[in-house]
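Since the structure comes first, as structure tokens, the remarks are kept for the end.
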Amino acid sequence: MNKALKILQERGFIQQCTDLQALSDRMDKGQIAFYTGTDPTGPSLHIGHMVPIFALKHLCREGHKGVVLVGGGTSRIGDPSGKTEMRKMLSYDELDKNAASIQKQIEKFLAKDIKNVRFVNNKDWLADLNYIDFLRDIGSHFSVNKMLSFEAYKKRMETGLSFLEFNYQLLQSYDFLMLNQNYNIELQIGGDDQWGNMVAGSDLIRRKGGGEVFALTFSLVTRADGQKMGKSEKGAIFLDTALVSPYDFFQYWRNTADADVEKFMLLFTFLSIEEIKSVCAGDINKAKERLAFEVTALIHGKEEAEKALEGARAAFSGGGNKDAMPTANLSLSKLNEGIGIIDLFAEAGLASTKSDARRLVEQGGAFINEEKISDIKALIGKEKLDKDNEMILRAGKKRFMRIIFS
């Protein structure tokens, strides 16, 4: 098998390919141009979006040429794949802002490998399409019966599929055709939920007289408990630091289940397979810490990863640097007559509402300086402060907040 494909296969990326042997043979002959796409339906990617981007970086490191297609055109419609209902329609200005933000995130991640990557936006060729010409030239090559056989459409037919979304496959296929004609793209990569759209694009190129092209999909990553990875109790694990802090990002990976550590290291780091196996054969908590550090460094930079590591060590083991912990500032005057435990945890951001804070205390999950507080009427005063006028709050097993009173 071709070296680049073997890397992806050994690290657990590959799910399906239109013709893996033929693709391998083609890549053995020399550099291949390939693309992956992402729709800017939000201001930030989350970690679940990153599997194709990690694969792109692997391929670029092996000398192949990548294109990242930002779907400024397709996002005006919305992809029904994996969705149970129609997406909220965003304004064109919102989509343009999101596209710029997502491109910056990917550029930062690619770092020096960006020299092998081009960014394009499909609104450049989709925004002003003539509908009649498009139906004649492109729509005539699609079978509605075949489209409805794909899982993405079958699922949505049960809950309601708009005609708007039904057009998405034609537009994504047209993207592949345009990239093939203009940039000699021969390979499309993406998540396995895109399989139907990718195969349709390959078929369109063949029907339009193009050469052989390929579709390669990657597994949709799940955790050991069967849940889709990339989510936490607070929601998606976004790359944008305004949405998820580097510390919380680090903690998501640090809290990986034992059974997932090696799999996630293979997919979300560039450590060698030999080193990964060696790390995972040792202390599992050290392996989790290494996983968290490596992924955080790749996404947010080494400096932020080191801060997050120090903060985690300060919170969990009493070592490290307290300054790197998540920190909130409250007025010292709140402690003069005592602040209620429920108010304290709510104001510290460890509970989204006072009702949540109350439940936390009642269920035995509220700690101050590692002392459990189970009385919902407890008043917290200055006796809980350390010499620096600080206290450490803990919610449950893994969420900490350093409170500075001034």
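Cβ from N, Cα, C; glycine included.
For Tyr35, Tyr168, Gln172, the entry in Swiss-Prot reads L-tyrosine binding site. For Tyr168 (L-tyrosine binding site), the Cβ neighbour count at a 10 Å cut-off comes to 22, with all displayed protein chains included.
According to Swiss-Prot, the feature ATP binding site maps to Lys231, an assignment based on sequence analysis.
Confidence in the domain 'S4 RNA-binding' (339-405), given as mean pLDDT, stands at 86. For 339-405, the entry in Swiss-Prot reads domain 'S4 RNA-binding', with the evidence type sequence analysis.
The feature motif ''HIGH' region' is assigned by Swiss-Prot to 40-49.
Among the features that Swiss-Prot reports, motif ''KMSKS' region' is placed at 228-232.
Of all Cβ atoms in the shown protein chains, 25 besides its own fall within 10 Å of the Cβ of Tyr35 (L-tyrosine binding site). If you draw a 10 Å sphere around the CB of Gln172 (L-tyrosine binding site), it holds 28 other CB atoms from the protein chains shown. Under the three-state DSSP scheme, Gln172 (L-tyrosine binding site) falls in the helix class.
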